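Some features that Swiss-Prot has for this protein:
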- K134: active site, proton acceptor (ACT_SITE)
- G11, A12, T13, G14, Y15, I16, G17, R36, K46, R138: NADP(+) binding site (BINDING)
Amino acid sequence: MGSRSRILLIGATGYIGRHVAKASLDLGHPTFLLVRESTASSNSEKAQLLESFKASGANIVHGSIDDHASLVEAVKNVDVVISTVGSLQIESQVNIIKAIKEVGTVKRFFPSEFGNDVDNVHAVEPAKSVFEVKAKVRRAIEAEGIPYTYVSSNCFAGYFLRSLAQAGLTAPPRDKVVILGDGNARVVFVKEEDIGTFTIKAVDDPRTLNKTLYLRLPANTLSLNELVALWEKKIDKTLEKAYVPEEEVLKLIADTPFPANISIAISHSIFVKGDQTNFEIGPAGVEASQLYPDVKYTTVDEYLSNFV
């Protein structure tokens, strides 16, 4: 492989973007971060984060996803564009697509995905619409003939694993656990740093071109029942388990006001329907741990040991 691709990251100060930015720098890519001037000049945590990225060699480019001229200028200087924008800006990624199309030299675009594979979900509203917006962005990329990689990284460990998927908790429960469905759907939990690493590994890899990169890591793919049993073994205690049948989950989604019901509907897709693992990875997909066996990812077992 020749020189490493120059990467433009849009959304570098966000929840997952910061890990992708760090991985890009750590793996030696010339890294450009598109940020609003107001973010860079503030005294916020995000501004401090940008300073640390600058110290590690990142190039800060002022601009915005809503400013076409600044997007075009930023895209001109790179080979690969990675978007990690948040849910409110998913639809605005059509602006990135326009800029990439206009410049015409980008070798790969990674739109903001980093969750379930939106082409393989059985979600109910309002999650259904959330996934459909991401799918719409995919179709726009394909229609313009822009080379792409979609990263399906499944569950963020920091959201779902550290709490054993319990709403409102920041550490695994030690008394009672609520399990949606029968607890047998297999789910994939991935540490955010590892999502960053696998994403950047894919940037210059021809095997991931015009494919979905699935992070279906064998040591991190387990059911909620298996996860709870693993935790119980670690703390040498049996938790009280409350199972919520699907009908009750659907009623809860219907009775909970928007937007609070989005997270419940996403959990229904993951933990009841099993949408992260209920399909085979076909020819349009590749699996990260098979492509990059050298990446020593944090296992679920190791992750939970930090909370004992």
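Yeah, the Cβs are placed from backbone N, Cα and C, and that goes for glycine too.
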Where among the recorded positions K46, K134 do you find the Cβ with the fewest other Cβ atoms within 10 Å?
K46
Over all pairs in G11, A12, T13, G14, Y15, I16, G17, R36, K46, R138, the listed NADP(+) binding residues, work out the largest Cα-Cα distance in Å.
29
On the three-state reduction of DSSP, what should I expect for G11 (NADP(+) binding site)?
coil
Neighbourhood of G17 (NADP(+) binding site), C-beta criterion under 8 angstroms, separation at least six:
L9, I10, G11, T84, V85
To the nearest whole angstrom, state the Cα distance for the pair T13 (NADP(+) binding site) and the residue listed as 'active site, proton acceptor'.
20
